[in-house]
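To start, the structure under review is shown below, and the notes come after it.
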Amino acid sequence: MDLVRQTLLRTLIPAAILVAIAILVMRYGQPYQIRVGYVFFINLTMVVGLQIFMGNSGTASFGHAAFSGIAAYTVAILMTPLMLKRTLIPDAPFNLDQVVLGPIPSIILALLVTGVVAYVVGLAISRLKGVGAEIGTLAFLVIVHVVFTNWIELFRGPRAFYGIPIISNLWWGLGASIIAVFVAKLFRDSKYGVQLRASSDNMLAAKAMGVPVDRLRLIAWTLSGIVVGAGGVLLATNLGTIAPTSFYFNQTFLMMAMLLLGGMRSVSGAVCGTIVIALGSEITRTLESGPVLLGIDFPEMFGLTGFFLGAVIVLVMAFRREGILAGEEFEDIWDDMTRRLRRDKAPAAALDER
């Protein structure tokens, strides 16, 4: 209970930042900005989920976008109205074209299915090390994408799956992202997170001390997959339409860029990187269309957003491998600032007393 209480307190600063962003967007944003804000919270939930595994294990994962797709398609299949589903997937296996559940049961089942898949895949991934593990995660992403695009009876193949009831909004995204931050911090500060980070620094020494490295990696992988899956649920229940391409390389590189930029060793780094990339992507997206700024007519620059994401990854890996926050948490930075202020005020107070 002490750990939970401490984690709740340590979640206050990032939660306050996210609440402030949501209030500003809702108060001053146009419908487009509100939609961008919601997508920001979706991406943040996924990136924080990715941080649970990457930040603690030290192993890069290229497969987590698949978990968002699994959860999104599961909730879509379960929630879509019966008449529409019979049109979309009339030959669905297991009589799924005749099953319709409410939002809450559908979301719970979607996360359970994602967790089971993550656990089964994690049994193999957790035993791989280094480059082998990273290639394994990439193979998982490709396999899931192939299943989505070829199992036409269940997923409609490469065509969009539409008609999903739209039930979530920006506040859902805010709540999910805050819960994701809390879960990530709770795991990071728990004995499992501490031991897993120690094993990423020196695996042989950790195993010699009796740390069950494979089991810890499996726990982190499974929990990470569920949190990323929550982001997929948010995506499906807000857009109302999903397709296999929504959960492939573009989403993978976006999540990686956000996490690497902020710093994958801290949860606050995931938050910071997501904020910076979201702002940068909107700026570059505006420049792509060739706007007129300060009397200057900019040419159309299609592909600038993709170039921006690639440049971010290259620059971070070249000049600041630990990211913007370099493993620091917002609350640690705040504590350091207040400690310095007290230290600076102490001599002045002593002089005043004299």
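Cβ coordinates are placed from backbone N, Cα and C, and glycine is handled just like the others.
Just so you know, TrEMBL annotations never went through curation; they're auto-generated.
Note on the transmembrane segment (12-29): residues 36-37, 40-41, 44, 170-171, 174, 177-178, 181, 267-268, 271, 275, 330-331, 334 of its chain, located 6 or more positions outside it, place their CB under 8 angstroms from a CB of the stretch. The feature transmembrane segment is assigned by TrEMBL to 12-29 (among others).
Annotation comment: TrEMBL describes 36-54 (among others) as transmembrane segment.
Feature annotation from TrEMBL assigns transmembrane segment to 66-84 (among others).
Positions annotated as transmembrane segment by TrEMBL: 104-125 (among others).
Here TrEMBL flags 131-148 (among others) as transmembrane segment.
What TrEMBL lists as transmembrane segment is 160-184 (among others).
Under the heading transmembrane segment, TrEMBL lists 218-241 (among others).
The annotation transmembrane segment is assigned in TrEMBL to 253-281 (among others).
Residues or ranges marked as transmembrane segment by TrEMBL: 301-319 (among others).
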Among 66-84, 104-125, 160-184, 218-241, stretch most in contact with the transmembrane segment (36-54) (C-beta, under 8 angstroms): 218-241
For the transmembrane segment (253-281), distant same-chain residues with Cβ under 8 A (at least six beyond the ends): 14, 17-18, 21, 36, 39-40, 43-44, 46-48, 50-51, 54-55, 60, 62, 64-65, 181, 184-185, 188, 197, 305, 308-310, 312-313, 316-317, 322-331, 333
Residues from the same chain, set at least six apart from the ends of the transmembrane segment (104-125), whose C-beta lies under 8 A from its own: 63, 67, 70-72, 74-75, 78-79, 133, 136-137, 140, 217-218, 221-222, 224-226, 228-230, 232-233, 237
Beyond the flanks of the transmembrane segment (218-241) by at least 6 residues, Cβ under 8 Å: 38, 41-43, 45-46, 48-54, 56-57, 61, 64-65, 67-73, 75-76, 79, 103, 107, 110-111, 114-115, 117-119, 121-123, 125-126, 160-169, 172-173, 176, 179-180, 183-184, 187, 192-193, 196, 247
Maximum Cβ pairs under 8 Å to the transmembrane segment (131-148) - stretch from the list 66-84, 160-184, 301-319: 66-84
